[in-house]
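See structure below.
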């Protein structure tokens, strides 16, 4: 499968000239990230996409508001904000905008070429590399990724006038940028998108699966009574082939009955990975015959994307997402957010523009460059794309994370796959001068995202373990500090289950790498994943054939679908959607009862190029699954009936 996305980024260029009137605003750290080789200078006359991220307003107020409406003990729980209220809260100060525009004009840039987006958070400039170089006192070069061979434009550092240093978050291109790819359980080649490694079933295996599930509840049969020690055939196969019946039994998910037209599950796809309706129909016929042929997502095709594809061009990532989600939520519907892009600075900028008219509307420049406000956001969005956290670009990380804070404020739950390479980068990359410092995930490091790890079913009547064919991504952010709702469980993990490695305590990417520093992970960082779900041996239909797939991008849509199901019940009772789910999920651990299937076996020994030697590319087995929360499987896997009762009560 194309599991999570991952990978790459950084750029860089030249040396800024020292000046009493200017300050170096951002500098690339070659010790932390030596992945790019500087090559030729960019021609001064070349047009470049120059963007300035303005400091956003009221960030602390916004976070306090989000934590209040997401706290299950607060009287304000579930009282989400409108899009208009969110836009107003985050807008940059008009005086700050004027200061930046005046500076740009003073550098010879015509005012007509300076564009402020309607949310007053970005300025985009139509100009050449030479003009930007003079303004920023820098030089742009082409930088080649050592992993992929792909070229990027960037600078090693840049400077701003002193009076703008606290007004601007960062500029693009600059010392850091992110390219997006898809997570994959197969061998990675650089930072390029990878075809889905579906393990095709033979005709005999297909017949065996069909015979086993023909009398299961998905085919109209009776559900298994747990009091009966003899497992029916449809459950006996779950250790080898995970079907919708296996998932429903394991997590106690009843068949869905209601449907609300306002409650669709959003699935985000990109990088040319597109589903096939014929493959969906084959999956329904085989494993979920209660779903009629032709059932598919509402298509929100962004910036020229197309869907669906023919089976010969089908994307394994997209099909895995839908094959996992549809049997849980049907007759609820899905919405596909298909973005036509293979690389961009702000990973979800095009998507956010498309779902929020206030993000880019009422401006001819932005309307001509993006699809603006065309589509409505869904209450839950499942995402299997991301990359390694870049400790050299904390401002960019915060900026991206704040977009998910905005979604949470509006009542939207963002669920993201945590990655399939344990504590490493997909390409076998670890941080630091000795290449042994653990790498976090760029999206899952954001505390406003619900990060989902992966587990393995050995037998349906035995506890799940961490996955064994790949390592569930997890660890601690080097940029974001541990949120307060995570303090108890992560503190307990570090106290009672010390992983046995030297550690440090930092934030904002300030990793200690001196000769006497021995730490390889950040004890004070945001820990992830938050929860997990089964993530291997999932039955899928791709390219006209049945096969098995896996990865955290199998796990994420399962959790997203469960939360969407619960939203259906909340809406039927006149309540709002769950929205930002993490504080409520962690609060469950303080209550009596069993809220998660705890996963206590497994580690992250697979990840990167050293995996075939029995340890990760960072030179060890990463973290281990233990009792309670851990950086491999989070709090554990869902127990649907418990989660539903809890979220309907608050």
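Quick reminder: no glycine exception, Cβ is built from N, Cα and C everywhere.
Quick look at what TrEMBL annotates:
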- 1-16: signal peptide (SIGNAL)
- 241-650: domain 'Peptidase S53' (DOMAIN)
- 317: active site, charge relay system (ACT_SITE)
- 321: active site, charge relay system (ACT_SITE)
- 553: active site, charge relay system (ACT_SITE)
- 598, 599, 628, 630: Ca(2+) binding site (BINDING)
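TrEMBL feature annotations superimposed on the structure.
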| residue | record | contacts (Cβ under 8 Å, 6+ apart) |
| --- | --- | --- |
| 321 | active site, charge relay system | 267, 269, 382, 384, 553, 556, 557 |
| 598 | Ca(2+) binding site | 463, 627, 628, 636 |
| 599 | Ca(2+) binding site | 455, 463, 464, 465, 466, 532, 625, 630, 632, 633, 636, 637 |
For residue 317 (active site, charge relay system), the number of other Cβ atoms found within 10 Å of its own Cβ: 35
Residue 553 (active site, charge relay system) CB neighbourhood, other CB atoms within 10 A: 38
Protein Cβ atoms within 10 Å of residue 628 (Ca(2+) binding site), excluding its own: 19
CB contacts for residue 630 (Ca(2+) binding site) [other CB atoms within 10 A, all chains]: 29
DSSP state at residue 321 (active site, charge relay system), helix/strand/coil: helix
Residues flanking the Ca(2+) site, with Cβ no more than 8 Å from the Cβ centroid of 598, 599, 628, 630 and excluding those residues themselves: 596, 600, 625, 626, 627, 629, 633, 634, 635, 636
Per-residue pLDDT averaged over the domain 'Peptidase S53' (241-650), given as an integer: 88
Collapsed DSSP category at residue 630 (Ca(2+) binding site): strand
